[in-house]
Amino acid sequence: MNVIGTVGLPGSGKGEAASVAEAAGVPVVVMGDVIREECRERGLDPAEHHGRIAGVLREEEGDDAIAARTIPRIREAAEERDADTVLVDGLRSTVELERFREAFGDGFTLVAVHAPFELRAERLGERGRDDSDSDLEALRERDEREIDLGLGETLEHADVEIDNTGTLDAFRERVREVLGIEDDEGDDPADSDAEPAGGGRP
Ligand SMILES: Nc1ncnc2c1ncn2[C@@H]1O[C@H](COP(=O)(O)OP(=O)(O)OP(=O)(O)O)[C@@H](O)[C@H]1O
C-alpha cells in the first residue's frame with residue numbers, strides 16, 4: 001500500500017494536490033478531520049475550538065495522537081475504495097512522520113510542497129481574502145505557529161520535493177506524476193501531443 005503524505009506551509013498547494021488526487025480517484029484523508037470530529041464529540045464548534053482541541057489531544061494521548069488516529073482511517077479509505085494509493089494531508093511534525101513511517105514502512109512517501117512567502121500570500125489572497133498588510137502579518141504568524149509545531153523540520157525530511165512556483169497546470173501535472181496517475185484520463189488527447197508528458201524527459 002502506498003501512502004503519500006503532503007507537508008507544506010499555508011498556501012503552498014496541499015489542498016490543490018488533494019483535489020488532484022480526489023479527481024483521479026485517489027482517496028484523501030485529512031488529518032484535521034480527526035480534530036473536527038473530536039470537537040463535535042465534545043460538543044464544541046470546530047470553527048472555534050480546532051486549535052485548542054488539537055493541543056488537548058496531543059496532551060492527553062501524546063504528540064503523535066492525531067497521526068495515530070489517522071492511520072486506521074487511511075487503511076479504511078484504501079479498503080472501502082479498493083485503492084492502493086491514499087493521500088494524507090496535514091502532517092505537521094516529525095513525531096507524526098515517524099508514526100507513519102512505522103505504520104507503512106517503505107510504502108510511505110513524504111512530499112514537500114514549496115512556494116515562497118510572497119507567492120503564497122498572493123494565492124491565499126486570491127482565495128477570498130483581500131491583500132492587505134494585516135493579511136500578510138496573519139500569514140507570517142501562521143507560518144511561525146506551523147514552524148514551531150514542527151512543520152519546518154518535517155519539510156527537511158521529505159522524500160520528494162515539489163516546487164509550486166509555476167502555473168497551476170504545471171503543478172497539477174507534477175502531482176499526478178508523484179501520485180503515479182496515468183496522464184490520459186479525462187484530458188484532451190490532443191494536448192499530450194502538444195506538451196511532452198513528464199516535462200520533456202528524453
Ligand atoms: N501553481 C499555482 N498557480 C496558481 N494558483 C495556485 C497554484 N497552486 C495553488 N494555487 C492556489 O493557491 C491557493 C492556495 O493553495 P492551497 O489551498 O492548495 O494551499 P494549502 O497548502 O492547502 O493551504 P492551507 O494550508 O492554507 O490550506 C488555492 O486557491 C490554489 O488553487
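Start at 1 and count along the chain as shown; that gives each residue its number.
Glycine too: its Cβ is placed from the backbone N, Cα and C atoms.
Annotated features in TrEMBL:
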- Gly8, Leu9, Pro10, Gly11, Ser12, Gly13, Lys14, Gly15: ATP binding site (BINDING)
- 180-194: compositional bias 'Acidic residues' (COMPBIAS)
- 179-202: region 'Disordered' (REGION)
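Neighbour density around each Cβ, counted as other Cβ atoms within 10 Å, peaks among the binding-site residues Pro10, Gly11, Gly13 at Gly13.
According to its DSSP assignment, Gly15 (ATP binding site) is helical. Between the candidate binding-site residues, Gly8, Gly15, the densest Cβ environment within 10 Å is the one around Gly8.
Of all Cβ atoms in the protein chains displayed, 22 besides its own lie within 10 Å of the Cβ of Leu9 (ATP binding site). The ATP site is defined by Gly8, Leu9, Pro10, Gly11, Ser12, Gly13, Lys14, Gly15, and by the 8 Å test on Cβ atoms against their centroid, the other residues of the chain that qualify are Val113, Ala115, Arg120, Asn164.
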